[in-house]
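Listed in TrEMBL:
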DOMAIN    11-71  domain 'CBS'
DOMAIN    93-139  domain 'CBS'
C-alpha cells in the first residue's frame, strides 16, 4: 500500500458533484439523488476553498433535528442554505476538511480515514485546488 498512490485509484471517468455552501439544502439533496452519489465536497465561495463534505447522513441529521423543533416547520427547511445548516450543526464541533493529495500513498489515505474517523476522503490536487475523486473504505 505504501508503493501505490491515491492517483492510481482515480478512475478514467467518474462522476463528482461539488456544492457551493450558498446552495439550498433541498436542491443539494435532489442533486445527490439525481446524480446517484452519496456525498459531495462543499465549496465556500467567500473563502475560496473546500470546507467540508455533504452526505446523505447530513440530510438525515437535518430532518431529525428540525422535525423535533417546534420553531421550524418542515416546509421552511426548503429555503435553508447549506451554509446555514453548517453554522447550526457545527457551532460546537468545527473540524477542518480532511483531504489528501493524489501523490500520497494509499497507506496514508487509509491511515487518514481511520485516524480521523471518516468514511470519505477527498483527493484534492494541491496545485489546482480541484477535487479529483473521493476515496472511501470500499474504493
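Backbone N, Cα and C define each Cβ position, glycine as well.
Note: TrEMBL annotation is automatic and uncurated.
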- Query: For the domain 'CBS' (93-139), DSSP counts of helix, strand and coil?
  - Reply: 10 helix, 13 strand, 24 coil
- Residue distribution over DSSP helix, strand and coil in the domain 'CBS' (11-71): 23 helix, 16 strand, 22 coil
- Taking every residue in the domain 'CBS' (93-139), what is their average pLDDT? 93
